Amino acid sequence: MRRAKAVSALRRRLFLLYGLLSDRHSPLARKGLTEVDLEERLVDLDLRNDSDVSDVPPPTDSTPEILKRALSGLSARWKNWWIRGILTLAMISGFFLIIYLGSFMLMLLVLSIQVKCYHEIITIGYRVYHSYDLPWFRSLSWYFLLCVNYFFYGETVADYFATFVQRREQLQFLIRYHRFISFALYLAGFCMFVLSLVKKHYRLQFYMFAWTHVTLLITVTQSHLVIQNLFEGMIWFLVPISSVICNDITAYIFGFFFGRTPLIKLSPKKTWEGFIGGFFSTVIFGFIFSYFLAQHQYFVCPVEYNSETNRFVTECEPSELFQMKKYSVPPLLQAVLGWETVNMYPFQMHSIALSTFASLIGPFGGFFASGFKRAFKIKDFADTIPGHGGIMDRFDCQYLMATFVHVYITSFIRGPNPSKLLKQLLILQPEQQLSVYKILKSHLVEKGILQPSLRV
């Protein structure tokens, strides 16, 4: 079938080329275009046609031999079921181990996933558009990744590790001029890209320039938001991520056993039964999982860096979100449950919103990824995880979820942070700190909180 399509496309090209060359009165002939010019224009036209996108080599089967032998007697459907199930349990176990190791290891995990996702998407563009001959393409792609990470993580260091930076003069210089340095680094890459432009590859080079920047937007900025959520408290990191994982697993299970009605053409294997079953399962899971996490300071306290011990700490007095409260049960549910009141953590109500997004809107990140893969005729982003595909195949919904959680926290949860404000005040010069003190004192006196007789 592919050979027939290729022959048909070749015939169309030859027919068009013959017509353009044979017609002396055509606009192209009057302009004196040569056969080489016409061929270049035909190549440009080919780039606009989805059907002419070259196939990416299919990923190799990375399933361990021991699993292949153990499951050799099963059908392809059940073999895929067992491979996905075993690898899912292995990944979840590894995830729990990293949680046990602490916040810093979770940050390294997020950074590793970001780099791998970036590599998978860039590699697809490299293969699809045959960018083998483009000068500096791969080097510039990784250079831009380093520049963007330097910018975002530098902002995080300046925001959360102010006291640590204050003690080291060399870091003070980097933080003070951080944005200028970041811009200068990016500008160097931009100039290198312009200098690398070569004739007959202009359009392809700009395609790949745009491809690189969109990939940076998807991977780096979203992973940065994941880390921002983690600093608000590990529970804001674990509940959203676990909800997406739960929805993915339960939707697959319900669809595998009960799926009959197709959900969306982009993903033929997705069914309404799986979508609905995944929704209710995820909301229930998020509500129960939040109850257990809200009981422990390790999960609910903001992640802060202790400069005295040089480690991350999660110790605090839990906020009202994580203190048990009594709620009245709506009259309609009182008859069903037999309860007039119920004790629960306020965060559990927020978990319903997070779980609902993870199960209703989160899957659209997967649908988007499916459309992307169909556009470029690939089954998976890579073959990193047997039965699952690439890392990006597992985290396509997580990036959308991370953005929602960050917006949710800034819109409905986060208030003024005295601790963070104090860290910023400590960076100021003594005369600046004294000026702030006088202004604050004058304000408190006007409100009647302090007596005017107090002196500095």
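Positions of Cβ are set from backbone N, Cα and C atoms, glycine also.
Residues or ranges marked as transmembrane segment in TrEMBL: 81-113 (among others).
Residues annotated as transmembrane segment in TrEMBL: 134-153 (among others).
Summarising the annotation, TrEMBL assigns transmembrane segment to 173-195 (among others).
Listed as Cβ neighbours of the transmembrane segment (207-227) (distance under 8 Å, sequence separation of 6 or more from its ends, same chain) are residues 47, 107, 110-111, 113-114, 117-118, 121-122, 125-126, 129, 131, 134, 137, 140-141, 144-145, 148-149, 152-153, 156, 193, 237, 398-400, 402-403, 405-406. According to TrEMBL, the transmembrane segment annotation covers 207-227 (among others).
Under the heading transmembrane segment, TrEMBL lists 233-259 (among others). Long-range contacts of the transmembrane segment (233-259) within the same chain: residues 81, 84, 88, 92, 99, 103, 106, 226, 269-279, 281-282, 285-286, 289-290, 293-294, 298-303, 314, 322, 347, 351, 354-355, 358-359, 362-363, 366, 397-398, 401-402, 404-405, 409, each at least 6 residues beyond the stretch ends and with a Cβ under 8 Å from a Cβ of the stretch.
For 271-294 (among others), the entry in TrEMBL reads transmembrane segment. Residues 234-235, 238-239, 242-243, 246-248, 250-256, 258-263, 300, 318, 321-322, 344-345, 347-348, 350-352, 354-356, 358-360, 363 of the same chain, all 6+ positions outside the transmembrane segment (271-294), place their C-beta atoms under 8 angstroms from a C-beta of that stretch.
TrEMBL lists 347-369 (among others) with the feature transmembrane segment.
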